[in-house]
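Copied over from TrEMBL, here are the features:
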- 21-46: transmembrane segment (TRANSMEM)
- 58-83: transmembrane segment (TRANSMEM)
- 103-125: transmembrane segment (TRANSMEM)
- 137-161: transmembrane segment (TRANSMEM)
- 167-184: transmembrane segment (TRANSMEM)
- 205-230: transmembrane segment (TRANSMEM)
- 242-261: transmembrane segment (TRANSMEM)
- 268-285: transmembrane segment (TRANSMEM)
- 291-310: transmembrane segment (TRANSMEM)
- 322-344: transmembrane segment (TRANSMEM)
- 350-370: transmembrane segment (TRANSMEM)
Amino acid sequence: MTVTPADRPGVLPDRSFDRRLFASGMLSFLLAGALAALYGLSLPVWSRVFGLGPGEGGLLLAAHGAGALLTIAAGVTGMPVVTLRTGLGLLTLGTTGLTLAPVWGIALAGAMLSGMGFGMVVQVVNRRFLTEFGARGAAMVGLVNATFGAGAILAPFAVILVGGQPAPVLGAVAALLLLSLLGAPSDPPRVEGVRGLPPLRDARLLLLLPVLLAVAMEGALTGFGVAALIDLGLSEAEAARLLSGFFTAYLAGRLSLWRIAPLIPPGALFLIGLGGTAAMAALAAAGAPGWGFVAAGPFVGITWPSFYVWSTRLLGTDPRMGSAVLGASVLGSTLGALALRPILGLTGEGAVFAVVAIVAGSLAALLLLIGPRLRRLPAR
């Protein structure tokens, strides 16, 4: 999954182009996208090296998500530790731990540190790109988030080039993250804002449940997709190529929103994303895993941004509400990985596609049923 700003703070006047911020932000998002893909590529290898059972690798994804959730919570409460340099430092340290981990426990610690760094970087880069590039801010946010998808596309090809072993690519990502850290600009003076969580008695916060489940399904496909393909009989090299195809389709879906978002309401786009994901996952489960997996990419790609726009209209522009959406998204990726572990332990990792089809399809059907009531809610 990628992140957009939780709020739209006032845009600063145009000033000189900050090359250091641009280069560090773009490189960090490129590498964060590569790391997202490398988790999926590395799980089969780590399972063999550390002797893990089916689904046990989900703990690694859960650790990453938990780390991100911690630093997102820190950002919501206004803690001063959430800076670009701190985030890049944690990402570098965590990725180095993943690369060199001699035991499973250190790999889990590396994943959690990486998640903490990721949570900081996505908050700070999105906010600073929006506010520090003047009138170009919105376009710059779109550009940097597209870079995340590019990193996820390139990583599988890099693994193939080094003989199918993800460790050298992880090491290269760690080295480039260190370069990004060394080139990162200093953080601007802090501006105090609203702190704390939004009012928990607001019934509209129940709208966070759909995005929690949607992101859990996205994490299932990106985190377990390669392992599922291998479990269904594909080679590791073929699975890596299909993962790259998935992320290419994912990026295409994300970019297509520039054209289709003005034409189709965001709630309808969210439903299309869920329904398409369910249908393509069902195709993968029914005997065409490669075709179904890649074809799910564009539908997964449009789901989260569409929900973000839709939820902003219903929940309002209070920045705490936007942070709640971001927190629910990360919580979904964390809990989804934990929930899948016992299921895949019983069914085998190839069942991921069936699980995604059932959950995404059920959620789409539920939203269709309650859709008329949601449309009657006044916008905020």
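Every residue gets a Cβ built from N, Cα and C, even glycine.
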The transmembrane segment (291-310) in contact with the transmembrane segment (205-230), cutoff 8 A, at least 3 CB pairs, sep 6+: yes
Among 58-83, 137-161, 322-344, stretch most in contact with the transmembrane segment (242-261) (C-beta, under 8 angstroms): 137-161
The transmembrane segment (137-161) and the transmembrane segment (21-46) contact flag, 3+ Cβ pairs under 8 angstroms: yes
Range from 21-46, 103-125, 205-230, 268-285, 322-344 with the greatest count of C-beta pairs under 8 A to the transmembrane segment (167-184): 21-46
Within-chain partners of the transmembrane segment (322-344) [C-beta distance under 8 Å, separation at least 6 from its ends]: 1, 3, 5-7, 54-56, 58-62, 64-66, 68-69, 72-73, 75-76, 119, 123, 197-198, 205, 208-209, 211-220, 223-224, 304, 307-308, 311-312, 315, 351-352, 355
